[in-house]
Amino acid sequence: MKKIAILTSGGDAPGMNAAIRAVVRTAIDKGLEVMGVQRGYSGLLNGELFAMNRTSVSDIIQRGGTILRTARCPEFKDEEVRKRAVKILNAYGVDALVVIGGDGSFMGAKLLSKLGIKTIGLPGTIDNDLAYTDFTIGFDTALNTIVDAINKIRDTSTSHERVSIIEVMGRDCGDLALHAGISSGAEAIIVPEMGEFDRDALCRTILEGKNHGKTHSIVILAEGIGGAEELSKYVQELTGIEARATILGHIQRGGAPSASDRVLASRLGARAVEVLLQGETSRVIGIRDNQIIDQDIDEALAMESKFDLDLYNVAEVLSR
């Protein structure tokens, strides 16, 4: 193996730059050439490849987003489109591709490997929705961003003695909502893993809190459930307490990565190069019990969600 390429795909996540830096510098240290692919699979199809060196990744570990840019590429599901991508990689002399992204990005990597391109996946998504790894790159930073926002919202919620319903990202995974809720002392956490929730029961919980002396309530709502505005109106009508909805949106994806995400991304990026040099392909890198692991991509994508029910139950007790 002489040359590898690296791309970021799908939604951006804080820490992607730290992972890029780790891959590039580890690869160069091992005597490999590195090419960056701009704008994910879409950029690959357009031949947007360029040579990278140590300087290319200087002063980026502290930056959010991705210096390689990112994009979604639904047309990559077409095999003829993927064959065109393989031809482009071959034309540049690329022996292997490192893909940083979520499950959709991993699926693209898996399909490329079936066409003869060695691929390795790094988990880059704030959603923490990849079951094979305890944490994904970007989750910790997004969590801290959410908690910081909740702290500010709680200030005004306390002043106005109102209910604040805060919708957070995570797609169909409730990890961000759960961890943010327990970290911020939320009165209620609503996640898709717990099934359809009872709006009337939520209202009773809020009223019970008021009877026990609580002057305000914070409700964390996962976007997999959604409907923050509608829920706030319902709560206000049934409880008689002023309620406001806040959808945090894309602020959760931005900002300088946390120290934890920088360390995680660096460890995962370095391991990706090592696995490639061992001749492996169609693998994904992750962390389990603080140990860096690699796993077959098919096995990883087939694993079921790992929602922490014990932590949810702790949050339920502490919120009363």
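Heads up, the Cβ atoms here are built off N, Cα and C, so glycines get one too.
ATP is bound by Arg72, Cys73, Gly102, Asp103, Gly104, Ser105 in Swiss-Prot, and the record lists one more residue there from Gly11, Gly170, Gly174, Gly181, which is Gly11. Swiss-Prot annotates Thr125, Ile126, Asp127, Arg162, Met169, Gly170, Arg171, Arg244, His250, Ile251, Gln252, Arg253 as substrate-binding residues; of Glu193, Glu196, Glu223, Glu274, the candidate listed for that same site is Glu223. The ADP site recorded in Swiss-Prot includes Arg21, Ala22, Val23, Val24, Arg25, Gly185, Ala186, Glu187, Lys214, Thr215, His216, and the single candidate from Arg39, Arg69, Arg82, Arg154 that the record places there is Arg154. Sequence-distant neighbours of Asp127 (active site, proton acceptor) (same chain, six or more apart, CB under 8 Å from its CB) are Gly102, Thr136, Phe139, Met169, Gly170, Arg171, Cys173, Asp175, Leu176, listed in sequence order.
The number of other CB atoms found within 10 A of the CB of Ser105 (ATP binding site), across every protein chain shown, is 27. Among the binding-site residues listed here, namely Val23, Thr125, Arg244, Ile251, Arg253, Thr125 has its C-alpha nearest to that of Cys73 (ATP binding site). Cβ atoms within 8 Å of the centroid of the Cβ atoms of Gly11, Arg72, Cys73, Gly102, Asp103, Gly104, Ser105 (the ATP site) belong to the same-chain residues Ser9, Gly10, Gly40, Gly101, Gly108, site residues excluded. Spatial neighbours are here defined as Cα atoms within 10 angstroms of one another, and by that definition the neighbours of Gly11 (ATP binding site) among the binding-site residues Val23, Thr215, Arg244, Ile251, Arg253 are Arg253. The binding-site residues shown are Arg21, Arg25, Ser105; of these, the one with its CA atom nearest the CA of Arg253 (substrate binding site) is Ser105. For the recorded site, Arg244 (substrate binding site), the DSSP three-state label reads strand.
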